[in-house]
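The ATP binding site feature in TrEMBL is assigned to Gly111, Thr112, Asn113, Gly114, Lys115, Thr116, Thr117. For Arg386, Asp410, Asn411, Pro412, Arg413, Gly462, Glu466, the entry in TrEMBL reads meso-2,6-diaminopimelate binding site. Annotated domain 'Mur ligase N-terminal catalytic' per TrEMBL: 24-97, in sequence order. Per TrEMBL, the feature domain 'Mur ligase central' maps to 109-314. Among the features that TrEMBL reports, domain 'Mur ligase C-terminal' is placed at 337-464. TrEMBL lists Lys220 with the feature N6-carboxylysine. The motif 'Meso-diaminopimelate recognition motif' annotation in TrEMBL covers 410-413.
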Amino acid sequence: MKLIELLDGIGFYQTTESIQDIEIVNVEMDSRKVKSGSLFVCIEGYTVDGHDFLKQAIDNGAAAAVICKDVDVDGSIPLIRVKDTGRALAMLAAVYYDYPTTKFPLIGVTGTNGKTTTTYLLDTIFEKQGKKSGIIGSIQVKIGNETFPVANTTPDALELNRIFHQMQEKEADQVIMEVSSHALDMGRVFGCDYDIGIFTNLSQDHLDYHKDMDDYLRAKSLLFSGLGNDYHQGKKKYAIINEDDESSDLLKRSTAQQVITYSCKQDADVMAKNIMLSPAGVAFNLVTPIGTTHIKTHLIGMFNVYNMLAASSAAIASDIDLEVIKEALEDIIGVDGRFEPISEGQDFSVIVDFAHTPDSLENVLQTSREFAKRKVYVVVGCGGDRDRTKRPLMADVAVKYADHALFTSDNPRTEDPVQILDDMTNHLSDKEAAFEVIVDRTEAIKHAVELAQKDDIILIAGKGHETYQIVGKTKYDFDDRQVAREAIKEKGE
Ligand SMILES: CC(=O)N[C@H]1[C@@H](OP(=O)(O)OP(=O)(O)OC[C@H]2O[C@@H](n3ccc(=O)[nH]c3=O)[C@H](O)[C@@H]2O)O[C@H](CO)[C@@H](O)[C@@H]1O[C@H](C)C(=O)N[C@@H](C)C(=O)N[C@H](CCC(=O)O)C(=O)O
Ligand SMILES: Nc1ncnc2c1ncn2[C@@H]1O[C@H](COP(=O)(O)OP(=O)(O)OP(=O)(O)O)[C@@H](O)[C@H]1O
Ligand SMILES: N[C@H](CCC[C@H](N)C(=O)O)C(=O)O
Ligand SMILES: [Mg+2]
């Protein structure tokens with residue numbers, strides 16, 4: 001491909017050399033992957049700066065490079081200067097793969113909690129309709145029944161466009177993806193042509209990255225302000241917004257497209273009425289512009305009613321009948337690692353869940369509390385190299401709702417696990433809170449299982465589907481579900 005054609009996607013750029021005849025074989029953001037004829041894009045990262053690897057990229061054969069600041073290398077290849085290499089990369093990747101997101105309906109889900117769950121609910125609804133979805137998110141990349149591992153909830157622009165291209169080749173009928181606030185802010189999804197944007201909710205998380213909650217919300221709003229206007233091509237675009245969330249007003253105002261609201265509490269386009277919560281699942285009347293139907297599901301908790309409303313709204317906007325939506329939602333047993341029961345025939349309940357924010361922990365603990373016949377135990381920690389300010393808040397929620405909290409490690413990464421636990425619990429020490437600190441997660445889970453008696457509930461929160469524990473920079477095998485099963489079996493022996 002000609003460099004000049006690729007650069008067409010960027011719009012405004014500066015270069016001092018003639019680039020008319022340069023051929024590009026691929027686009028790379030990592031100097032180590034550059035080969036003869038690559039276009040190298042220098043990205044300022046959090047650990048290192050891609051501009052510092054320009055020399056290596058040139059040595060490896062780069063035909064040209066995209067930069068956003070002065071570099072000190074001899075000008076042996078053309079340098080293309082842009083304002084923001086992150087966003088330029090996203091456009092270059094889109095052009096390289098021939099604008100994949102214009103070739104299938106694209107649904108983006110953003111919000112603090114419920115993104116993964118909503119994408120899987122939608123996947124099931126589309127499957128019932130006989131359609132094959134591509135899914136991109138925290139658990140994996142999935143195309144029909146094929147799955148691939150991922151490093152980020154929303155991959156970098158290069159990887160993302162490669163995945164889109166693969167989904168197109170494998171004939172996915174639509175793509176449903178989680179859009180993290182990091183991705184929106186860093187421009188990983190810049191240029192993606194979303195047909196539907198879904199907002200689940202906003203509560204505290206990621207304040208290590210975002211300056212404050214307003215900045216976090218501003219990042220989320222980019223999904224809705226970025227919904228392009230393709231009416232001339234007969235394409236309809238929708239912003240699907242949780243009316244019951246405090247941020248809904250701002251998000252509704254940030255889009256020029258049609259808004260569909262959903263709510264459990266007030267008038268909205270899509271509503272849940274007569275909600276019945278039980279340990280076997282929630283039931284409600286789904287009230288929509290295309291009719292009303294009763295839905296009796298296996299999913300637990302009020303928060304899942306919201307996820308089902310979000311998914312149903314997007315399904316209706318995608319012209320799916322209510323009957324299909326009902327059948328799909330009633331079929332779903334659960335989502336991997338989300339309120340997942342672990343049963344080895346014991347007389348107490350063990351639930352593994354991915355709650356890793358104060359709000360999600362409160363939701364699942366409140367739900368466990370409502371159904372508990374006896375005591376509720378929680379095993380929980382906070383991730384290292386992540387928002388430190390959520391640590392005491394999560395501990396507060398744990399001791400408020402559980403009879404006994406066991407604070408432990410959850411991916412300490414490069415931080416000292418003991419320091420993370422201190423951050424969680426220092427303020428609790430003087431209060432009369434029932435908690436223990438057990439740094440080793442296996443030991444903490446085992447201890448909870450030993451303590452539990454008939455009809456108690458143990459909630460193991462924070463890691464859900466994860467099959468690892470990251471200590472330092474090493475990823476060790478670790479699965480809460482497996483550890484819990486072994487502990488239950490040991491107790492029974
Ligand atoms: C803070 C952050 O988001 N970091 C992301 C970022 O890493 P980084 O900034 O450390 O990159 P870097 O290693 O400094 O490299 C900078 C540039 O130099 C290049 N380089 C580097 C070395 C070299 O020898 N040559 C070279 O060219 C790199 O290829 C890169 O282009 O770019 C990487 C590649 O795209 C990401 O994987 C990485 O995500 C890390 C792993 C991460 O943990 N991110 C979290 C915070 C995140 O993004 N989370 C959200 C979801 C949150 C949620 O759902 O709640 C997500 O979407 O995953
Ligand atoms: N709508 C919701 N509101 C609040 N909490 C929720 C909601 N849905 C799920 N949860 C809780 O949040 C946890 C994470 O849910 P899910 O994985 O669907 O969210 P996510 O937004 O994809 O998270 P992440 O930011 O890690 O990708 C669940 O295990 C559950 O405890
Ligand atoms: N997407 C979230 C997942 C957090 C999961 C939790 N187990 C942790 O490691 O903090 C993040 O990267 O912040
Ligand atoms: Mg997720």
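Glycine is treated like the rest: Cβ placed from N, Cα and C.
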Residues sitting near the motif 'Meso-diaminopimelate recognition motif' (410-413): Cβ under 8 Å, six or more positions beyond its termini, same chain? 356, 380-386, 420, 441, 462-463, 466, 468-473
In sequence order, those recorded positions of Asn113, Lys115, Thr116, Thr117, Lys220, Gly462 whose CB lies under 6 Å from ligand 2: Asn113, Lys115, Thr116, Thr117
If one looks at the chain holding Thr117 (ATP binding site), which residues at least 6 apart in sequence have a CB under 8 angstroms from its CB? Asn304, Asn307, Val335, Arg338
Mind looking up the mean pLDDT for the motif 'Meso-diaminopimelate recognition motif' (410-413) in the predicted model? 98
Sort Lys220 (N6-carboxylysine) into helix, strand or coil using the DSSP assignment. helix
Candidates Gly111, Thr112, Asn113, Arg386, Asn411 (binding-site residues) with CB under 6 Å from ligand 4, in sequence order, are none
Cβ under 6 Å from ligand 3: which of the binding-site residues Gly114, Lys115, Arg386, Asp410, Asn411, Gly462 qualify? Arg386, Asp410, Asn411, Gly462
Give the distance between the Cα atoms of Thr112 (ATP binding site) and Glu466 (meso-2,6-diaminopimelate binding site), rounded to the nearest whole Å. 18
Cβ density check for Glu466 (meso-2,6-diaminopimelate binding site), other Cβ within 10 Å (all protein chains) comes to 20
